[in-house]
Amino acid sequence: MRLTTEERIELGGKDQGTFNPAFGVKDGDEEPQMTVDIGDPHTESLEEAVDKGSDLVYSLNDRPPWYLCILLGFQHYILAFGGIIAVPLILAEPLCIKDNNSAKSQLISTIFFVSGLSTLLQTSIGTRLPILQGGTFSFITPTLAILALPKWQCPAPKASMMLAAQNSSSSPLQMDDSDEVWMTRMREIQGAILVSSLVQIVLGFSGLVGLVLKYIGPLAIAPTINLIGLSLFIEAGKKSGGHWGIAALTVCLILLFSQYLSKVDVPMIAYKDKKWKVFQYPLFKLFSALFGMCGAWLVCFLLTIFDVFPSKSDEYGFSARTDISLDAVTNSPWFHVPYPGQWGMPTFSVSSVLGMMAGVLASTMESIGDYYACARLSGAPPPPTHAINRGIAVEGIGCVLAALWGTGNGTTSYSQNIAALGITKVGSRLVLQTTGLLMIVLGIFGKFGAVFITIPDPVIGGMFLVMFGMIAAVGISNLQYVDLNSSRNLLILGFSTFSGLVLPTWFHSNPGIIDTGIKELDQVIVVLFTTHMFIGGFFGFILDNTIPGTEKERGIKSWQDKAQQGNTNFCDASCYDIPYCNGIFKRFRCFQYLPFLPSFKTSEQGTS
């Protein structure tokens, strides 16, 4: 669920399936409003909204009333819902828990719980910007490549049915042989994420992030992000194929709310100054993915009640029923607190770690743009070097937490929630800290996660069609800064993208073709060459930095120009300081050599 780095710096782009670049905003009230007043029918772009800094109701350091924190915090939770819940649903089949509803509900609870922890860390000691942390698709591709290795293939169907039967008759928290089938796979992914995330931590704490980004341009990012979306088309097809009619209905509903009704503001009522006021709110635009999914879910529920869908599992359309997984809600505990090592001790292998590093680097590249975008929308100055370094390091720590708890994924910043700051005009970090607390609380509530297991596969497939398509398109949108009349650029783009499709497909079609005599080396080669985004990003990076070309031709100059655009500041650079620690940092001279602290002697100072 990521925007391109340039789009987030420019604040004029889209996210994957939730927002559009134009938002309805209210022309400037002179005094701050307690309600989210977006009353005029006039619409303008998000970039224009940012320029109208006087419209900001609450800036970064402000503390809105508690009830507004809860309401806006829950809104951010809903916005991130689609992207976060998609991760465990994608991983269910390769982890061999397609029919293990208990395990899926625990995974959903765990990923929400860890996302809440990571959000609190990022907003408190990371960049200290109002950024929500959640699961990332950058880790999905290498994870699927790892689980596609022969030793991680799921058991034969008969064995799977026996294990599923054993699991359904046991307590959801009871560990038995059937649990061990998927937990061994989860522990392998945990180990890969745990070690590879250390690279992100080192990049942040050492200050090497800036050095790495100097050599990464649009021609390296475009194929990398594009191939994340393209490589997931099989997952979308599997889910949608359960009932293409329901999948198409889901797509149509999402398009209806996100595009056709995007400029329709819904009248809502708020109480302010001892009287009720009516204000206009872009409800359809904010919750398009949620409304589309829930609408299709409701249709499936009604068609299930009236027995329109077949009741036999081998008939087409059965997977669209909503009563297939009701036992997940019944058997799940009311409360379950996720804890580190709940699936066992992580296991480590060189091939898995190297494959996962491709996801870590892609996530790191994209997060830099998030910080600039969020700073502009929250009324903060451009993030200084120490804040960016610390933010990347804390994202790495969040990924380590995800590995220890066992989400099967990492964490990264969410672009759609940053865009929401421009709509609500509330850029307070306290709101996002409230969101983090809500995610932790709802992650502990076991039956809450189990409810989402009942979403029919075709509905999920329809959501995937839109979401993954947008990811691929956003990758291509990086090219807006590149000279596409240059044969050099066309060659790099075409070869890197096409290679990212051809090589993984060939390796999957020829299992066992790599035989160097060293088993570990064979696994390293297979994982790397079956990870689409690694192939595309690697060739894009190498060719872009070795084939001669001007900065303007490569798009580097336009990219940097966007990064230099100023902010409308409501606070000074001290908003990035770590609370209660400034005195200590100033007292000891050694701290000025640590690139992640405000006392770092070469840190860039924002202008107010």
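Glycine too: its Cβ is placed from the backbone N, Cα and C atoms.
Unlike curated records, TrEMBL annotations are generated automatically.
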Pick from 191-209, 343-361: which range does TrEMBL record as transmembrane segment?
-> 191-209
The transmembrane segment (191-209) and the transmembrane segment (107-125): do they have three or more Cβ pairs under 8 Å, with pairs 6 or more apart in sequence?
-> no
Have the transmembrane segment (430-453) and the transmembrane segment (65-95) got at least three CB pairs under 8 Å, pairs 6 or more apart in sequence?
-> yes
Taking the transmembrane segment (241-261) as the first stretch and the transmembrane segment (459-478) as the second, find out whether 3 or more Cβ pairs fall under 8 Å, excluding pairs closer than 6 in sequence.
-> yes
Decide whether the stretches the transmembrane segment (459-478) and the transmembrane segment (490-509) have at least 3 CB pairs under 8 angstroms, with pairs required to be 6 or more apart in sequence.
-> no
